[in-house]
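Comments concern the structure below.
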């Protein structure tokens, strides 16, 4: 079940009257998610690495699509990071975003395609990447939104999930590294 860890963190703090200082918990959540993805997709990752070594053109194209899909979230984080961070201060944001996530997930019930794609194309990778960027809003499920976008584009369900989680590796890893950089500023209380 796709959930938004950031949204639940904001909502939980507001509902329970707690404030979790620093970034320790957020880094732990990101690293746990990253480790889970690496474990679950270890065979696929090994095949991708083998394809890189063999200079398999299809593997390189797929990796290019994964990289392309990470660009929108990376740009949004770099260019508007402070604006995104401010969204975490208002519990109304995740409350509304939870409803939006529910509608996005619900909308996939009506997708019926005769033909399915084995993988996204360039346009699809960009659109899935934009969905991932949208999921920087607390309460929007990253996996739910990216899988839904891939399904809307006609990608086979199993591949939609794989693409979503594989593209999350640099995004989640990057987010964890950025949060760890707060260590130097002493914000890891």
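Cβ coordinates are placed from backbone N, Cα and C, and glycine is handled just like the others.
Residues 124-141 are the range that TrEMBL records as transmembrane segment, among 124-141, 142-159. Counting Cβ pairs under 8 Å to the transmembrane segment (62-80), the stretch among 92-112, 124-141, 161-180 with the most such contacts is 124-141.
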